[in-house]
Amino acid sequence: MADSLDHAPAQANNLPQFLALTIGAIGVVYGDIGTSPLYAFREALRPFGPGGVGRDEVIGLVSLVLWTLTAIVTIKYVLFLLRADNDGEGGTLSLLALLLKKGTKYPVLMFFAGVLGAALFIGDAMITPALSVLSAVEGLKLVAPALHDYVLPISVVIILLLFAVQSRGTGAVSVFFGPITLVWFLMMAAAGVAHIGDDLAILSAFNPLNAIGFLWNAGLIGFIVLGAIFLTVTGAEALYADLGHFGRHSIQAAWFAVVFPALALNYLGQGALVLSHPDAISNPFFLMFPNWALLPMVILATAATIIASQSVITGAFSLIRQAIHLGFLPRFEICYTSETQTGQIYLPLVNTILLTGVLALMLMFGSSEALAPAYGVSITGAMVIDTILAFEFVRRQWGWPALTAIAVLLPLFNLELVFLGANLLKVHHGGYVPILIAGTLITMMWTWRKGVSVLREKTARQDIPLSQFMAIVERKSEHAPVQVPGTAIFLTATPDTTPAVLLHNIKHNHVLHQHNVIMTIKTARVPYVPEKDRYTITKLSDRFSLLELRFGFMDDQNVSRALARCRKEGFKFEIMSTSFYLGRRKLIADPQSGLPQWQDKLFIAMADSAIDPTEYFHLPANRVVELGEQVII
């Protein structure tokens, strides 16, 4: 596996590389938003009912779609937020890490905002596969109405296969994601162009006054419809989250050259079709195609939704890894499915949780029409969070005056709040799902941070300063521990105090190695740490040294590889005569700990689910010694 420097944020050095990144971005970054035409316009028409939508309403709806895409995606994400990066990386937690690193007047507020945004994204990662795959497979009902009862079983099988292959990695097939999705966008554009001529009046949708007029005249229905209109921009947050994988210029080029034109043309075509054939309101996307093309389009749509689902699953894996490295969650097992790309990862526990959630949603709601109301809440919430974090970013990082930041971001913030309000109206129709998912994840992150803090406070009462300990053991006395040859490395989170495992080793084994290394692992609030800054070695005495290893929150925390680098640069030790000492704590709940009993139990359960540090840090298992202790928390 290559070093982290090989996985710095993507940059194109020549035209072929730029085109490759741009096509790749079309598949990964825009897969989600590219499947929205399957259901978004249909859902916007649904409140009017068959025959209840007039010409002005159709034109107004399409105008709303076009200007929502312009305001939210083009202006906020493509032109603005893509510039707000953390050493080339984007995403909610990446932006939060940068704000915490630079300093903010509201660290607690920013922390909870960032955690909420991340939690809402996980809700999106469950809803997107369920909704998009169902909406694609439902096209079979137009091909053969007799297949109606098979839509859900077929969708479930596709989801099962999708999650089953995650452990094998997607590197071999991911090269096809971009070309397949490019074909999908071209077909959508062609279908739109073919139907715009059905009623050229649809072109007046480019006039924003039609969108404003629709909202003014539609009243409550117009407000309700905004929740469905927002479905057209679901997936926009992926632009920001995938910034490090493809680079700003490639993502922008893909949007302006392919994605935005294709989406605009398709929505215009759907609108023109409904103007000329009002009965097409039932499924305007698939009814754009002649009967002979329906089956190929269902197959292509299914492929596109699988790619979109894969993108959010990969995004969820990446986000949880960031949360682990930033200390928001315990260390879950992380498997690397590529020898060359550290971004291709697989988290077995997260995969199982996502699969369970997706299947539960599909079986609970049964159709894309029933599930669609659940979708908008998580996306609008995540986008509002991005705007809040962006406001603090431009103030702290770019030095914008408060009035300038307000003038730029307040209109977008107000627009997103309106969309959020419209989506909250659908809470009882399924909008509660992402709220429950986000609430669960926030509770877990908060419990973990609070539990770790309480645990550190309890252990700190028994800590012995490292300098004091060294002075004691280096005194010559009959009670001094026996010196044995070799090197011992003691892993600790607090390098100024004596590791508990070192104290237990002397207490039970009465020995001290010839060379003792106190090793601490720090996660920097940057995505990647250069190899030249990976470690610092400080000699404390003839027998003790302090080794600090530093990793970014996107780095693979491979301690064995880092130690090999140290050895090349003069840190003298032999791996086969080195023992790694790790402490294993057995946590016992204490009603007087300061945590509620339910939170005590949740924290202990999360700690028990964490992967063994030996495996997580890639330590040589045959050189690891674990000593346990009970801690009442």
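The backbone N, Cα and C atoms fix where each Cβ goes, and this holds for glycine too.
The annotation transmembrane segment is assigned in Swiss-Prot to 18-38 (among others) on the grounds of sequence analysis.
Look at Swiss-Prot and you will find 61-81 (among others) tagged as transmembrane segment, backed by sequence analysis.
Sequence annotations record features per position, and here Swiss-Prot assigns transmembrane segment to 107-127 (among others). For the transmembrane segment (107-127), same-chain residues at least 6 beyond its ends with a Cβ under 8 Å from one of its own Cβ atoms are 92-93, 95-96, 99-100, 234, 237, 241, 312-313, 315-316, 319-320, 323, 328, 354, 357-358, 361, 371, 374-375, 378-379, 381-382, 385-386, 388-389, 392, 433-435, 437-442, 445-446.
Under the heading transmembrane segment, Swiss-Prot lists 143-163 (among others). The list of residues near the transmembrane segment (143-163) in space but at least 6 beyond its ends in sequence, with Cβ under 8 angstroms from a Cβ of it, reads 129-130, 133-134, 137, 294-295, 298, 302, 306, 309-310, 313, 351, 354-355, 358-359, 362-363, 366-367.
When Cβ-Cβ distances below 8 Å are used as the criterion, the transmembrane segment (173-193) is approached by residues 23-28, 30-31, 34, 37, 258-259, 261-270, 288-289, 297, 300-301, 303-304, 307, 310-311 of the same chain, each at least six residues removed from its ends. Sequence annotations record features per position, and here Swiss-Prot assigns transmembrane segment to 173-193 (among others).
Sequence-distant contacts of the transmembrane segment (211-231), counting only residues of its own chain at least 6 positions beyond either end whose CB sits under 8 Å from a CB of the stretch, comprise 36, 39-40, 43-44, 46-48, 56-57, 59-61, 63-68, 205, 372-373, 375-376, 379-380, 418-419, 421-423, 425-426. Per Swiss-Prot, the feature transmembrane segment maps to 211-231 (among others); the stated evidence is sequence analysis.
Residues 22, 26, 30, 33-34, 36-37, 41, 45, 53, 55, 58-59, 61-62, 65-66, 69, 73-74, 78, 182, 185-186, 188-189, 191-203, 205, 232, 239, 281, 284-285, 287-288 of the same chain, all 6+ positions outside the transmembrane segment (255-275), place their C-beta atoms under 8 angstroms from a C-beta of that stretch. Taken from Swiss-Prot, the feature transmembrane segment covers 255-275 (among others).
According to Swiss-Prot, the transmembrane segment annotation covers 287-307 (among others).
Counting residues 6+ beyond its ends, the transmembrane segment (345-365) has Cβ neighbours under 8 Å at 125-127, 129-130, 134, 152, 155-156, 159-160, 163, 166-167, 169, 313, 316-318, 320-321, 332-337, 371, 374, 430, 433, 437, 609 in the same chain. The feature transmembrane segment is assigned by Swiss-Prot to 345-365 (among others).
Note on the transmembrane segment (371-391): residues 39, 43, 72, 76, 80-81, 84, 92, 95-96, 99, 110, 113-114, 116-117, 120-121, 123-124, 127-128, 130-131, 134, 227-228, 230-231, 233-237, 240, 361-362, 365, 405-406, 409, 412-413, 416-417, 419-420, 422-424, 426-427, 429-435, 437-438 of its chain, located 6 or more positions outside it, place their CB under 8 angstroms from a CB of the stretch. Taken from Swiss-Prot, the feature transmembrane segment applies to 371-391 (among others), supported by sequence analysis.
Annotated transmembrane segment per Swiss-Prot: 402-422 (among others), in sequence order, evidence recorded as sequence analysis. Through the fold, the transmembrane segment (402-422) approaches residues 71-72, 75-76, 80, 223-227, 229-230, 376-377, 380-381, 383-384, 387-388, 390-391, 394-395 of its own chain, all at least 6 residues removed from its boundaries and within a Cβ separation under 8 Å.
The transmembrane segment annotation in Swiss-Prot covers 427-447 (among others).
The stretches the transmembrane segment (18-38) and the transmembrane segment (427-447) do not meet in space: the count of Cβ pairs below 8 angstroms, excluding pairs fewer than 6 apart in sequence, stays at fewer than three.
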